[in-house]
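Engineer: Take a look at what Swiss-Prot says about it:
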{"type": "SIGNAL", "residues": "1-33", "note": "signal peptide"}
{"type": "TRANSMEM", "residues": "454-474", "note": "transmembrane segment"}
{"type": "TRANSMEM", "residues": "489-509", "note": "transmembrane segment"}
{"type": "TRANSMEM", "residues": "513-533", "note": "transmembrane segment"}
{"type": "TRANSMEM", "residues": "600-620", "note": "transmembrane segment"}
{"type": "TRANSMEM", "residues": "622-642", "note": "transmembrane segment"}
{"type": "TRANSMEM", "residues": "749-769", "note": "transmembrane segment"}
{"type": "TRANSMEM", "residues": "931-951", "note": "transmembrane segment"}
{"type": "TRANSMEM", "residues": "958-978", "note": "transmembrane segment"}
{"type": "TRANSMEM", "residues": "986-1006", "note": "transmembrane segment"}
{"type": "TRANSMEM", "residues": "1041-1061", "note": "transmembrane segment"}
{"type": "TRANSMEM", "residues": "1066-1086", "note": "transmembrane segment"}
{"type": "REGION", "residues": "1138-1288", "note": "region 'Interaction with fem-3'"}
{"type": "REGION", "residues": "1143-1176", "note": "region 'Disordered'"}
{"type": "REGION", "residues": "1233-1393", "note": "region 'Disordered'"}
{"type": "COMPBIAS", "residues": "1275-1298", "note": "compositional bias 'Basic and acidic residues'"}
{"type": "COMPBIAS", "residues": "1326-1340", "note": "compositional bias 'Basic and acidic residues'"}
{"type": "REGION", "residues": "1402-1423", "note": "region 'MX regulatory domain'"}
{"type": "REGION", "residues": "1412-1489", "note": "region 'Disordered'"}
{"type": "COMPBIAS", "residues": "1423-1433", "note": "compositional bias 'Basic and acidic residues'"}
{"type": "COMPBIAS", "residues": "1444-1456", "note": "compositional bias 'Pro residues'"}
{"type": "COMPBIAS", "residues": "1460-1482", "note": "compositional bias 'Basic and acidic residues'"}
Amino acid sequence: MKLAFNKLLVASVVFTVLSFGLLLASLFTTTATTPSEWTILLPEFRFPVNKKQTTEQFLVEKIVHEHEEGEDVRSALYLTHHGYFMNAIANMKVTYRQKSYTVNDVCFKPHSAIFENVPAPENIDKLPAYFQRLLLEMQRLSPCLIVTPLNCFYDSYHIHSEISNWNASTDYLNRRLRNSYLEAIEEKDSRPYVKSTYGPELIKEWARHMFAIPSKPLSNFSKSDLYSRVKTWLSSIAARKKICADPMRSCDETLDAENYFNVCTVMQQINDYDERRKQRLKFQLEYGDEEFTTRLDCVEDREKFIEWMQERNLRDMLKLFASSVEIPDHKEIPNQVCDGIYHDLDTSSGLELFRGARSFSNNTSAYDTINVELGFMTPENLLTTMRHSDFVNGFESIWTIERARELLNEFRLALKVEVTKFSESRSSRRVKVTTRIVNQIEEEGSDEEMEYHMIYFILGACALMVALFAAFAFSEAFLTSLSMFLLRGFITGLLFIFLCKSGGLILIDSNFLCYITMHLAFNLVMTARVTFICYRIGGCVQSEKDFVKSNFSSLGSVPVDSLKEDSCKRHVQYVLAKYTKFQVAQDAYSEEPFEKLPKYWFLIAIVLVPVIGVYWFFIDSDVQKICIVLLPAFLIAAFEEMRVKNQLLRERRIKKAIQRLQKEENTRIMSRGEIDNLLSGNAELSGEKSHYESKQGVLHHGSAGGLFELSRSTYDVSLIMAYPNQMIRNLRLCALGAYFRLFKMKYCAVVVSSVAALLILLSIGLLFIPVQRSSVPKELQQDELSIDFAIPNVSSSSWESINEYLEEFNSEIDSITNLQTITNGRRVLINSTSKINNFLKWVDDEPISWYLTAPLTRPYRKTHLPNPFRFQFRYGFDSIQKSTIIDVVERIDTLLTKYTETLSFPKAIGFLYEHYHQKAVVWNSFAYHEIFAAAVLAGFFSIIVVFFSIGPVVLPTLAFAFFVVGNRLEIAAIVSLFSLEYHQCYTNVAVFVGFLAAWTPFCDLARFRGRLLYKDQTRRTPELATQRRIRVPHVAAVDTVQIFAIFLTATILLIVITAIIPQFRAFFIPTVILLITLLLAVFNSLAVSLAAYQMFEHEVRHCYHDQLQSLTTTGKVCDMTRKKLLPREEDLSIPMEEFSIRPTENTKHYAPRPIDNSDPPEQAADEEVVNQDPSMEAARRQYVEFTHRTTGMPIELINQFVDNFPVFNVPANFLPNYFALGGAPLDANNGVLLRQPGIAPPPRPNREEDEEERFGLGGGEDDDSYPSSGDDIGDPAKEQQEVTDDVATRYKEEEVRKKVQPAVPNYDDPNVPGPSNPVPRQVEQVSREAPEDSPNREPRILVYQRPPRLHEIPQISHGRNPLHDPPSMEEYVQKYDDPNQPPSRRADQYPPSFTPAMVGYCEDVYWKYNERNLPDNVPMPPRPRDWDQRRLVELPPPEDFDEVPPPGRSAIPIPPGAIRLRERRREQHLREQEARRNRPESPDDTPGL
């Protein structure tokens, strides 16, 4: 099989080239500019409701203090209350695996940026042990990341001191540092002694001693550099100026109850009433305090006693600030940068991350809420920190990522408990402040479990699909089909891993699940397709291998009149098997294939490039991944089908060789005189074994995997079409019967197609319906927004321009109200606009600021920036009102669009931003996006139809594209109505499944239509079939039904599983959407099949009606004779045995009867005697002269024709041809056809009863309509006498009529010479006198019948004047005899049953100018529908009597009589006009009731 004819392989190669082209384009786009997300018209959006907002380095837990009455919280009272809460968090502990952990162990510490490159795994082993110990202890003492308004005061120092244990356990810290120092020095060296109660002071002293120890030089850094980093760390944690939140207290006083034990023991040791009264005044106790404190135990009730002391302190503050509590004490805090101890070397400025405005927000009034943020390490960072600690301490690390997650979850749960307890404490109730966590605590391990559940679900769904297909589609070839399925999957996986990874990773997300779904469906469909061809259809073809040059015409004539509801299923099964065999036989055995590529297929392939490019650029930038997922299955299936067909052709050649050898062997045996042995059964056999062995009426091949054929005595195909089980067989039979009934229903196609089209149009309308989208629950809100920049190829020349654009961007985004700046690095970039080296110097000098303000920027070396240069600006929403956020989102989108080119596509990320962006912006353009995508895909599918189909037409192609993309629009409408996420995945799967469902039935129907309409271009064509006969495309439709029934079954089972198992609940909605997608795809596929079937059937009927005028055996004989007259060298001979014509003993010909009919039949039997009769010679001469005169044929050719028929002189063999063969009139193009006496002409069919059969898709064979013998023909002599008498009678009547009235030429009469009929065609009077030798002297009329013409249309002697001569229908029939001629443009103005010849006859110009002057025998044909409108348009305009002729002499002389006539008409017109003007008004003209 030639590669050019294997369309599937050519198409797969074309799409492979396009896919890799898109892949290269996406790679170049990603590396040269930005990630590929910017190329899509509508970005993907998701709802991360259950996910914490994370950055690259840490997790954030947000806590809110909210005043119940909306008072301003910028006062010492509420800041002091907030300080109590921070102390409670600092003392929080968690026990995990029998070990106690504090917040200091899990919090994120930005000061580690100072030593970012030092504790790296590749560098840590190169440091001395005492340096490693020093770095570990410095990391433990580093402050945690806490964003709080207390960063503006000295109070934050005490909080971090409590968390990091700066003043506690200094002896233990001192001992570990001293031991590491002593291990590094020799015994003779001095051993210093350091003592301090402040942890950082111990670090400072021991660092001075450790760096004085002589050691080997370090490779990656110097000791001086490391020591400078230690100094930087010490200066960065130094306390700021002592500005207290409570101006009435000293900053040295602690905010907690560190001396509570002394107070408690004093209160409980006093028993005397007077002493208690004195202590009450001393401690300022109120009523009830004494009783409360005396009941507490100083050891067991420590927390309750501290809580009471905090409440007492707040009571005192309320008394002091009672008159001015409504006036805030610290109104300037929102305008300050409160970084606390997070400052760098430059202590005069802080970090924008700790801007005061970020610590306050409003709920019911301005500044009624205090915001707190705690930074925790990510599980990965926590794992690295714990392993580093175990390594330095010399322990074997037992930490894993799962344990790190568990420890973080324990702290988050403990934080929730601590917040709840503090919100219910005495101090919170006193100041009416509610404390809560903004983000709900996730379930333990939910993210990780979700990933595992997704993997389990994907594997389970794949296994279920494969099992169902193996049981119900792969038949007995299970192992082969399964191996090919796994091979396709393995190759696809390898290509996807190597070509579709992003940054070395492949995310198992919704897109990955979409790719899995599409590949699984396509791989299963292609495996089933190849299985059908190889092991089911291929087996049926074997039965026709004996007929090496067979055109399989017998397969196209299976009547299905008995296929009713009560029909035999065995018979239906036989019909299905036979037509399956027929379909594959045409593809596998045709030396001249039916399915050819279009003439300019390479141009069509080029057109695919811009279409796919537009889809990739504007719709989905990951379309190359979809192509890579599908192409391996496509390519392997194409090669596998080519291999199977080549194998079948090779077996066919082997069969021919075996037959040739057997023929030669038989010839050799006959030549050796071994006929006796052959007849006696003792013939010499060849050495080969018998090729066939009989078994149960079916012949099987002896070798493995060889040929086998059906026995001709049975039609039991159970051994050939081996179905997996009876269920599949019944399903296919039911589907086949359902298709029969649907196609037989008259208006079924119109109803189904209309309903499907209305459903698609309704879906388009639903896309534009405004739907009220649900908002995010308030407790799940995250009011942060980050804008990520990734600027490629930053150089010294572009650095200044980038800073200018960033400055403009900052100024515009600062103008947006309700959006506060967290950090955008503006100060950093402005201070370093001169050179890039200034920025790199700032990165090295201020590591904390760099670490917090630009976490995405990591220069590999200090001399240049990474490519692309990544950094992040962070903002926060002041208000979480829906209208406010929508306004901010729209303005941010405008800014991002404005700076797309200059700042390389900045991208906004944030929970609230993405959520409200989806609600306010994305859904508004969702409808336009889907319609644009549908239009692009419709063009793509139209090109595919043109690429694959033979002779495509416009309407079926548009219908196919419309219904396939309609599946996407319907799913998009569902997504829009229910606001579903992952819309791109749903719509991609929808359009892909719709194409799979509709393509195979439509493609096979289009190919079958091409075989019927273009049968002249091929040598082997299926026979014409009436409307009651089975069509081949039903097989493809039944295969599609079988495949999608399996898909629907698997999807329903998955829905049940996801509804029952709680872990799979997240996949319930996607599975339901998949089920709806499959149902819509099947319905749209049915609509496509019915609509295309009706269009093709009408086209084929029209074609055969004009071409053959009959669909009986006669029509086939005419077609065969035409091929005989115009043979081609490459044509194969068409044996007569293929047609329903039986041979007879005698042969009769069309010819006129002899003149003398008085001789007895016995004398005519002797041929020689008759030939010598002079009367016969005279008759022969008269016949030749008449034929020459009427047809214009040369006399030599007529004599040669008469001489070739020796039975010409037998009078009984002359039959009149006034009737047509098969009951249909024949013209000259049919040639001389021989009539056989064994077959009589069938009766003319009834128009009303057999109209469907006459104009069906093809003409079938109807053996019952022909007689079995020649007796039904009748007596030829009697028939001739009747014709002669009838002609004589009509001749006499015509003579009488001519004498009465003058003759009017009747050009429609074929006997009247005219423009289209130069000579009479039927009757001519030869002689009115009787022959002299005849005994009967009465005049006799001799009638000659015009024989059929043998060659082209006779020449017309003169042309017809269309203005005076009426047209002839015969001329238009001859003019429109070409079936490939396009239809008339005026055909829509006439009934559908009108042929092109009839339309041309009605549109002749003669009827326009002779409407009122027609001859008597020329009737007016039917007028078109727009006749009235045309008459009004084409009528001459009214005469203008006021027209003044132009000056000068006219070029055409005007007769004087014409001028006088015009003047008389003008005067008459003026008189009538004046009379109408002077006419009195009629009373009837008066308006009234």
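Our numbering is plain: 1 for the first residue shown, then up by one each step along the chain.
Any Cβ shown, glycine's included, is placed from N, Cα and C.
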Engineer: Looking at the transmembrane segment (749-769) and the transmembrane segment (958-978), are there 3+ C-beta pairs under 8 A, with each pair at least 6 apart in sequence?
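Structural biologist: Yes, since the transmembrane segment (749-769) and the transmembrane segment (958-978) share at least 3 Cβ pairs closer than 8 Å, they count as touching.
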Engineer: Which sequence positions outside the transmembrane segment (454-474), separated from its termini by at least 6 residues, show Cβ-Cβ distances below 8 Å to it?
Structural biologist: 481-482, 485, 508, 513, 516, 520, 524, 527-528, 531, 724-725, 727-728, 1042-1043, 1046-1047, 1049-1050, 1053-1054, 1057-1058, 1063-1064, 1067
Engineer: Go through the chain and flag residues at least 6 beyond the ends of the compositional bias 'Basic and acidic residues' (1460-1482) whose CB is under 8 A from any CB in it; none is fine as an answer.
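Structural biologist: Distal contacts: 1439, 1441.
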Engineer: In this predicted model, what is the average pLDDT of the region 'MX regulatory domain' (1402-1423)?
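Structural biologist: Residues in the region 'MX regulatory domain' (1402-1423) carry a mean pLDDT of 80 in this prediction.
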Engineer: When you scan the chain for residues with a C-beta under 8 Å from the transmembrane segment (1066-1086), skipping those not six or more beyond its ends, what do you find?
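Structural biologist: Beyond its ends, the transmembrane segment (1066-1086) has Cβ neighbours at 450, 453-454, 457, 513, 517, 742, 752, 756, 963-964, 966-967, 970-971, 974-975, 980, 982, 986, 989-990, 993-994, 996-998, 1001-1002, 1040-1041, 1044, 1047-1048, 1051-1052, 1054-1055, 1058-1059.
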Engineer: Please list the DSSP helix, strand and coil residue counts for the compositional bias 'Basic and acidic residues' (1460-1482).
Structural biologist: 19 helix, 0 strand, 4 coil
Engineer: Under 8 Å between C-beta atoms and at least six residues away from its ends: which parts of the chain pack against the transmembrane segment (513-533)?
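Structural biologist: For the transmembrane segment (513-533), the list is 454, 458, 461-462, 465-466, 469, 473-475, 477, 480-481, 484-485, 488-489, 492, 496, 584, 625-626, 629-630, 633-634, 636-637, 640-641, 644, 982, 984-985, 988-989, 992-993, 996, 1039, 1042-1043, 1047, 1070, 1074.
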Engineer: What same-chain residues lie close to the transmembrane segment (1041-1061): Cβ under 8 Å, and 6 or more beyond its ends?
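Structural biologist: That would be 457, 460-461, 464-465, 468-469, 472-473, 521, 524-525, 528, 728, 731-732, 735, 997, 1067-1068, 1071-1072, 1074-1075, 1078-1079, 1081-1082.
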Engineer: Please list, for the region 'MX regulatory domain' (1402-1423), how many residues fall into helix, strand and coil according to DSSP.
Structural biologist: 5 helix, 0 strand, 17 coil
